[in-house]
Each structure stands twice: as C-alpha cells, then as structure tokens.
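Annotated substrate binding site per TrEMBL: G89, D90, L91, L92, R111, in sequence order. TrEMBL lists D112 with the feature Mg(2+) binding site.
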Amino acid sequence: MSGPPVGTDVVAELGAAGVATVYEAAGRSGLLEEQWQQVTPGRRVAGRACTVLCGPGDNRAVHEALAHVRPGDVLVVTMDEPAPAAVVGDLLATQAVAQGVVGLLIDAAVRDTAELGQMPLTVHARWRNARGATKAHRGAVDVPVVVGGTRVAPGDVVVLDDDGAAVVPSGEAGRVLDAVRARLQKESALRARWAKGELSYDAYGLRAEDEAAPTPEGSPA
Ligand SMILES: O=C([O-])CC(=O)C(=O)O
Ligand SMILES: [Mg+2]
C-alpha cells in the first residue's frame, strides 16, 4: 500500500454513497465491470481491499489471506484466468466474518450461497457453482490485481452494492470523497425540484435545443 491507510470515516462515507455515486464523482472511473451476481442483494458496503491472486481453480491463497485481513477489509479474490471454481463457501466466509471482513468480491465462484446470505457480509461473485477448489497453488496475497478490467491495489477502497462494484485508489480517496459530497448535494437539490414536477428536459435546456435543431442525421424522426 502506498501512503497512509484510508481512514475508517472516509471508507464509511464512500460506502454510504454507493457505487454509482462514487464512480461518477471519481470522473466515471473505477468501475469493476463484470456481470457480478449479488449473492446478498440489498446490501451496500465499502472496505479497504485485501487482494488475493489465486492459482487456477485454487483457493489456497484465500486461506492464507484470512490470516492477514484486518477488520473493515473487503476481500478481493481473482485468478489469472478466472474460472467457476468455488474459492469461498460458508466455512471460509465464517472465518472472514470472525476477522471483521465486511465484503467479498469474488472473481471466481462461491458456494453455500444460502448460508452466505445469512451472514453479515456483502458478497458479489462472478459465478455461483458447487465445483470445489484445490489447495495446491500458493498464489499471492496483497498484490495489485486486475478485476473487471480495473486495477485494485491493497488498501484501495472497494464499494459494493446492487449496482456492482467500484474501486477508489487509496491515494485518491480524499479527493473522490470531496467530489462525492458535492455530487450528493447537487443531486439532492435536483431531486427536490423533480419531485415537485419540474422536468430535466426543460431545466437542462434539452427541449429548447431539440426544438431549435433539425433532427440529427441517423436518428429517428
Ligand atoms: O472449503 C472450501 O474450499 C469452500 C467452501 O465450501 C467453504 O468455505 O465452505
Ligand atoms: Mg462449504
């Protein structure tokens, strides 16, 4: 991790804002673009990343990582070529909860999903699949990884909710939080106007533009 750890308050505020707001406030950056399955729908959380690079179809490094995690971490697990092997199930998740982990982002499969749904954890996974993982490869813990096309380094802030997953590099958390606050304020002012019946089509000048301009080429008349 480069620089001091991101403060707990900063992490919590980014988590409360949620994936869409954090991604937009970061300048439409940091989205982990994968077809995540929300194993625990309706939950929203953020935590500092503990990253895990597993060997192919293997979860030995997850066992190791659980000896390193700190309270408030989100475990981010991937492989060089992610495969639908279950690298986490209820026994590993039970250890994660006991160590204070708040979320799991699994770029592989999870199993025992009914049990995972009962735990105080937010879990996104690429697959749900019972196929067992091996424990044959050492892998690596707390190394930078790429998940959903985006780099995640140890200590970065990972946000999970039903919209997906986003990462804020640890060195940018303060700047992004300022932008998040500004965005939330702006959105709350807009929400109040739209709730009263005002239309963005008018307020943003879109109607005036559309009425003044000829139909753009190629778009339906
Ligand atoms: O044991 C495993 O490899 C995965 C699993 O099912 C669990 O953690 O309960
Ligand atoms: Mg199991």
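Glycine is no exception: its Cβ is also placed from the backbone N, Cα and C atoms.
What TrEMBL says about a protein is an automatic prediction, not a curated fact.
Known features from TrEMBL, placed on the structure.
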residue : record                 : contacts (Cβ under 8 Å, 6+ apart)
G89     : substrate binding site : V110, R111, D112, E115, L116
D90     : substrate binding site : D112, E115, L116, M119
L91     : substrate binding site : D112
L92     : substrate binding site : N59, V62, H63, L66
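Taken in sequence order, the binding-site residues G89, D90, L92 that lie near ligand 2, meaning a CB under 6 Å from one of its atoms, are G89, D90.
In sequence order, A86, V88, A93, T94, V110, D112, E115, L116 are the same-chain residues whose CB sits within 8 A of the CB centroid of G89, D90, L91, L92, R111, the residues recorded for substrate being left out.
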